[in-house]
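Chemist: Supplied in structure tokens, the structure appears directly below.
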Amino acid sequence: MDSSEKSNLHQVKHVVLVLSGKGGVGKSTITTELALALKHAGKKVGILDVDLCGPSIPRMLSVGKPEVHQCDAGWVPVYADPQQQLAIMSIGFLLEDSDEAVIWRGPKKTALIGQFVSDVAWGELDVLLVDTPPGTSDEHLAVLENLRKHRVDGAVLVTTPQAVSTGDVRREITFCKKTAVKILGIVENMSGFVCPHCSECSNIFSKGGGEELAKLTGSVFLGSVPLDPLLTASLEEGQDFLQAFPDSSTYTAISQIANTLLSSLDA
């Protein structure tokens, strides 16, 4: 382990990958809300956004595209709050034009991700969440190879209830087993729809696919997060949903998932 890798990650207590078998399941949403829930629980949190083709974390946390500064240890993360409890580093900060498509061959992507993982000066963090691209590509292997020089506690897998999504997550489970990454649990996102008028939750999709998959594979089921228009609007506007709607059932669901995750990390 060289000194730069030691100095940049040795004060990070836990590293958690957030994975999904396919795009569009709300992986970045879950990453963002988990980070906010952990922050509200008094933890110092970081998000490393390595989704090359869709770096959406900066928008969800309303940090825009700040100029990234460098210090002796590497890139300085951007903070989403004045207390500096939530640190972010996103590929989106480094792309010249956020509207441009990223058309790179594998080696260039791998090299950038390798640099990105090792060259961010995180300082002290309780949890670093890594928002990965969907699927099981060489980008995931690049992230793993570089983070392993430190330590990876495990992965949270995000699915939606439908069989097509849980089928894709099965491949993620196989990927984790083949690469010896511990599965910390499965989150079922978009589990029902919360009516904005009466707050009743209706199952517009099927329900229970994530929980059933967890049982079949012997994984921990962390919980379900409904499709909530208030959560969607908060993410679009870069607002802290958990702070704005503490009485909602969605708040309760996200908080319970974060607490279960914390308990497993600290066990």
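Cβ coordinates come from backbone N, Cα and C, glycine included.
Caution: TrEMBL annotation is automatic and unverified by curators.
On a predicted model such as this, the values are computed, not experimentally measured, just so you know.
As annotated in TrEMBL:
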{"type": "BINDING", "residues": "GLY21, LYS22, GLY23, GLY24, VAL25, GLY26, LYS27, SER28", "note": "ATP binding site"}
{"type": "BINDING", "residues": "CYS195, CYS198", "note": "[4Fe-4S] cluster binding site"}
Chemist: Tell me the Cβ neighbour count for GLY24 (ATP binding site), meaning other Cβ atoms within 10 Å of its Cβ, over all protein chains shown.
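Modeler: Result for GLY24 (ATP binding site): 11 other Cβ atoms within 10 Å.
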Chemist: Including all protein chains shown, what's the count of other C-beta atoms within 10 A of the C-beta of GLY21 (ATP binding site)?
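Modeler: Around GLY21 (ATP binding site), other Cβ atoms within 10 Å: 24.
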Chemist: Which Cβ among the binding-site residues (VAL25, CYS195, CYS198) has the fewest C-beta neighbours inside 10 Å?
Modeler: CYS198
Chemist: So which one is it: of the binding-site residues LYS22, LYS27, which has the fewest other Cβ atoms within 10 Å?
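Modeler: Sparsest of the binding-site residues LYS22, LYS27 by Cβ contacts within 10 Å: LYS22.
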Chemist: Out of GLY23, GLY26, which of these binding-site residues shows the lowest number of other CB atoms within 10 Å of its CB?
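Modeler: The binding-site residues GLY23, GLY26 were compared, and GLY23 has the fewest Cβ atoms within 10 Å.
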Chemist: Give me the count of other Cβ atoms within 10 A of the Cβ belonging to SER28 (ATP binding site).
Modeler: 23
Chemist: Return only the integer: C-alpha distance in Å from LYS22 (ATP binding site) to CYS198 ([4Fe-4S] cluster binding site).
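Modeler: The separation of the Cα atoms works out to 32 Å.
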Chemist: Could you state the whole-number distance in Å separating the C-alpha atoms of GLY26 (ATP binding site) and CYS195 ([4Fe-4S] cluster binding site)?
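Modeler: Distance (Cα to Cα, whole Å): 19 Å.
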Chemist: Round to a whole number and give the Cα-to-Cα distance in Å for the pair SER28 (ATP binding site) and CYS195 ([4Fe-4S] cluster binding site).
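Modeler: Answer for this pair: 23 Å between alpha carbons.
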